[in-house]
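Feature list (source: Swiss-Prot):
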- 1-48: region 'Disordered' (REGION)
- 13-34: compositional bias 'Polar residues' (COMPBIAS)
- 37-46: compositional bias 'Pro residues' (COMPBIAS)
- Cys113, Cys118, Cys124, Ser360: [4Fe-4S] cluster 1 binding site (BINDING)
- 129-349: domain 'Radical SAM core' (DOMAIN)
- Cys144, Cys148, Cys151: [4Fe-4S] cluster 2 binding site (BINDING)
Amino acid sequence: MHGRRHLAASLTRALTQAPSRSISSTPSLLQTLDPSVPSPSPPPAAEPGRLAELRRRLQADAPSLGDFAYSVEVGTRQRPLPKPKWMKETVPGGAKYAAIKAKLRELKLHTVCEEARCPNLGECWSGGETGTATATIMILGDTCTRGCRFCNVKTSRTPPPPDPDEPSNVAQAIASWGLEYIVITSVDRDDLPDQGSGHFAETVQKLKALKPEMLIEALVPDFRGDPSCVEKVATSGLHVFAHNIETVEELQRNVRDYRANFKQSIDVLKMAKEYAPPGTLTKTSIMLGCGETPDQVISTMEKVRAAGVDVITFGQYMRPSKRHMPVSEYVTPEAFEKYRALGVEMGFRYVASGPMVRSSYKAGEFYIKAMIEADRSKATTADSSA
């Protein structure tokens with residue numbers, strides 16, 4: 001803390017002691033090109049009153065034509081940061097990848113993997129190191145009613161109505177893949193009376209009817225904080241209730257849609273823990289590289305843990321296009337590892353942290369699956385001994 005204060009004080013001194021540049025003391029670009037152009041007239045030597053002082057300050061702070069020409073030459077827009085070597089992506093491919101993509105097209109289903117341009121798409125769809133292919137299915141259409149500054153999903157105030165056959169189609173598709181763990185997510189649907197929670201719950205229930213042994217994670221929107229919507233999904237038969245806070249508390253308005261906020265998201269996670277059956281895990285995710293400080297990350301982690309959240313993931317924010325907010329910094333793998341260790345120390349049951357990690361990252365699902373099965377085993381043992 002003292003070090004940061006000392007740095008801030010030294011920067012302040014440097015700024016206040018920097019010589020000001022006035023129009024009269026700096027040659028303009030026109031004077032450089034043509035010496036015959038007269039210099040701007042200096043301000044009056046002594047003009048009484050506040051008006052004179054205001055004029056003097058404005059003239060002292062004003063940029064010269066040379067300054068203006070320089071700003072036009074170099075541009076005023078911030079240049080995007082170059083990607084470091086640890087952010088290189090792999091090219092999607094493989095038989096499993098092709099099969100999943102073909103099935104999705106056949107049933108006209110959407111995945112957040114594609115819509116959000118996830119860098120792990122190739123690894124997850126092809127099976128990766130675990131050999132189990134994973135896709136995060138996006139329901140309620142492909143058009144969101146919100147417009148977060150980081151997200152590449154299409155937006156509209158009046159998206160098309162949900163497909164009534166979608167819950168059945170999604171359940172049949174997932175059941176046919178032979179997966180053990182699936183993530184179902186959705187766009188925000190503020191246009192619907194129940195925010196789409198009934199559609200979400202129906203999808204989970206139909207899938208459970210076809211594949212009772214399948215583990216289901218639901219990555220849900222905030223439902224505007226409506227307790228009835230949260231309860232409907234939390235009691236639908238899922239194993240993991242996930243809702244992302246996306247960024248630290250201080251940057252919520254800069255990163256997320258104005259209808260989302262930190263308290264509302266924390267309340268949703270708390271309600272899910274309250275409504276869901278015992279043993280249901282809660283999970284959230286934070287993007288790094290949005291302009292947050294380490295102190296803000298730690299403070300946010302503490303509040304998330306206090307809400308009873310079991311699993312947290314950290315990943316690097318990647319700018320989907322030039323229309324979206326720029327990357328503030330590329331956080332190093334070493335920093336991600338420190339956040340992981342700190343999360344474990346705080347009591348999170350599982351922490352996935354790395355530049356390429358996303359909230360639905362398959363490595364996280366692999367370990368969460370093991371956690372759920374371990375909890376089931378303990379419950380069975382306890383029932384047998386009772």
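One is the number of the first residue shown, and numbering goes on along the chain from there.
Positions of Cβ are set from backbone N, Cα and C atoms, glycine also.
If you take the C-beta of Cys148 ([4Fe-4S] cluster 2 binding site) and look for same-chain residues 6 or more apart in sequence within under 8 angstroms, you find Glu246, Val255, Arg256, Asp257, Ala260. In the three-state DSSP scheme, Cys144 ([4Fe-4S] cluster 2 binding site) is classed as strand.
Every protein chain shown contributes to the tally, and the Cβ of Cys151 ([4Fe-4S] cluster 2 binding site) ends up with 21 other Cβ atoms within 10 Å. In this structure, Cys151 ([4Fe-4S] cluster 2 binding site) belongs to neither helix nor strand by DSSP; it is coil. Within 10 Å of the Cβ of Cys144 ([4Fe-4S] cluster 2 binding site) there are 23 other Cβ atoms, across all protein chains.
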